[in-house]
């Protein structure tokens with residue numbers, strides 16, 4: 001069989017139908033020629049289509065690059081020329097926006113024509129588009145079309161607003177609205193917010209931990225759960241894990257606890273042996289805890305620091321022993337107590353601030369010697385309340401007990417970058433944190449009672465100048481937290497309040513979910529009263545008593561000894577009816593009657609003896625018969641006076657007066 005120049009695929013032979021086969025099978029159609037496909041033509045058509053699409057794409061890119069060059073050139077010319085009046089500048093800006101809009105429309109038309117085959121008619125040629133643009137440039141007398149000009153002006157205003165917000169980070173602070181959550185009457189010393197921003201947990205000096213659900217709360221702002229996980233110990237720190245399913249609780253005890261989202265205990269760290277000198281050989285802390293921190297990358301690992309001069313790493317799966325121990329030391333090698341600790345953003349560094357004013361940073365895998373050690377970061381003898389890493393991980397902020405806030409570069413840890421003073425603090429857990437964009441640093445100030453109001457101070461990271469302040473309440477600001485997803489600020493105060501600051505336009509969810517809900521009305525208690533059937537003509541035995549007042553019913557019940565449970569009066573006289581009489585009826589009365597009686601003998605012993613003198617004289621039996629012959633007459637010794645006895649005594653026995 002011969003083939004043509006083009007390759008063809010045939011489905012059957014080209015011979016005609018066989019009549020004998022058709023008669024045998026009962027139907028015709030055998031031997032028809034199958035459809036042929038020209039593969040080379042199909043490949044050629046596909047190649048041409050691809051080349052055409054590539055050419056249009058390149059032309060669109062060239063047009064876009066040309067427009068960008070024209071914009072840059074126009075901008076340079078405007079910068080070189082003197083500034084025109086406001087009206088002409090606005091007009092030129094509107095005309096340029098119109099040109100940009102028309103050019104973008106033409107490009108969109110070209111792209112739509114290339115992609116959509118159902119559109120009828122070709123797009124406008126470039127010459128006509130250029131003429132329309134030229135007429136718009138030359139016709140400065142008439143107004144421009146309203147829709148294009150308004151949209152362009154709005155876009156320019158939005159761009160200017162965005163540029164202003166980027167230049168001034170103060171405008172991003174969400175403080176236009178606030179809500180107040182009443183925790184109690186004592187200091188709110190701990191705040192925690194889960195990563196999604198759905199639940200807030202607060203702890204205070206009143207030993208209580210309260211859970212707040214923004215989605216479930218209404219305008220009454222009441223906590224849905226309250227508990228005391230550490231009994232009679234003040235809550236010092238609360239922190240959600242990175243997954244949000246566990247909460248780390250640190251109190252004044254030596255054992256940290258982990259609870260779940262509903263407040264049920266998951267694990268409790270073991271207490272170490274306080275009689276061992278080397279704290280690295282104990283299985284847990286032996287003194288009061290200060291603060292805690294979850295590992296940012298590893299699930300189930302957290303860190304605690306204590307008054308036993310150690311920083312310990314733990315795992316939730318192994319509560320019987322710590323994972324590793326860091327022992328802060330002074331430059332002389334002596335023990336020093338860490339007051340706060342934290343992980344870096346990548347979890348590779350462990351930072352701790354100590355009571356001698358030093359800040360020590362270890363590599364997480366090397367527990368012996370610190371990687372960085374600055375010995376005079378803050379005044380010795382003060383408690384550094386917080387250390388926090390920035391979101392980029394290069395800067396460390398420390399809130400000292402010497403009323404200062406300092407900024408450090410971890411890459412050059414030899415001196416502070418900036419230092420801000422006049423920030424009083426009275427609590428060992430005063431916070432500091434970074435804004436979500438890393439451009440601001442936030443901390444709170446403390447005040448004495450009745451001596452002013454606590455403030456939330458915002459400092460710019462580049463210059464460390466105070467750029468903004470918020471007066472919170474007539475008490476100290478202890479805790480502060482700026483959530484990056486919600487863009488809301490949570491503050492814990494010294495008078496038992498937890499405040500949430502937000503902006504409806506800049507914030508997401510959180511407090512915005514509960515402020516729009518109306519407060520639920522209290523449900524009235526439903527009481528079922530007995531239905532009375534009034535039948536005035538019924539017999540007295542079938543009549544129901546009428547309902548009386550409560551006072552009269554109580555008086556009647558009082559007279560009934562069974563309903564009033566009146567005690568039985570005491571039995572007078574001998575007992576009756578199975579009851580023993582009052583006299584001698586109890587054990588105490590029996591003892592008083594028979595044993596504790598007054599048995600004093602008032603008789604005269606001389607008279608009792610002389611009562612038998614006559615009988616003894618008439619009938620002597622014991623002594624008198626022995627002296628009847630030798631001494632028939634009784635003779636008694638003579639009584640000597642005391643003076644005679646004293647005279648007969650020797651001189652050395654006489655009493656000296």
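Cβ coordinates are placed from backbone N, Cα and C, and glycine is handled just like the others.
Residues annotated as region 'Disordered' in Swiss-Prot: 1-21 (among others).
Here Swiss-Prot flags 43-172 (among others) as region 'Disordered'.
The 10 Å shell around the Cβ of residue 299 (SUMO2 cross-link) contains 13 further Cβ atoms across the protein chains shown. The secondary structure of residue 299 (SUMO2 cross-link), as reduced to three states from DSSP, is coil rather than helix or strand. According to Swiss-Prot, the feature SUMO2 cross-link maps to 299 (among others).
What Swiss-Prot lists as repeat 'WD 4' is 333-372. With a cut-off of 8 Å between Cβ atoms, the residues of this chain six or more beyond the repeat 'WD 4' (333-372) that come close are 290-298, 303-307, 309-311, 313, 324-327, 378-393, 396, 398, 400, 402, 408, 410, 413, 428.
Same-chain residues lying 6+ beyond the ends of the repeat 'WD 5' (379-418) with a Cβ under 8 Å from its Cβ atoms: 339-346, 349, 351-357, 359, 361, 372, 424-425, 427-434, 436, 438, 441, 443, 459, 461, 463-464, 484. Under the heading repeat 'WD 5', Swiss-Prot lists 379-418.
What Swiss-Prot lists as region 'Disordered' is 543-584 (among others).
For 574-584, the entry in Swiss-Prot reads compositional bias 'Gly residues'.
Under the three-state DSSP scheme, residue 593 (SUMO2 cross-link) falls in the helix class. Positions annotated as SUMO2 cross-link by Swiss-Prot: 593 (among others).
Feature annotation from Swiss-Prot assigns SUMO2 cross-link to 599 (among others); the stated evidence is similarity to another entry.
Taken from Swiss-Prot, the feature region 'Disordered' applies to 634-657 (among others).
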What's the CA-CA gap between residue 593 (SUMO2 cross-link) and residue 299 (SUMO2 cross-link) in angstrom, rounded? 79
Counts of helix, strand and coil residues, the repeat 'WD 4' (333-372), according to DSSP: 0 helix, 19 strand, 21 coil
Can you tell me the mean pLDDT for the repeat 'WD 5' (379-418)? 92
Helix, strand and coil residues within the repeat 'WD 5' (379-418) as assigned by DSSP: 3 helix, 15 strand, 22 coil
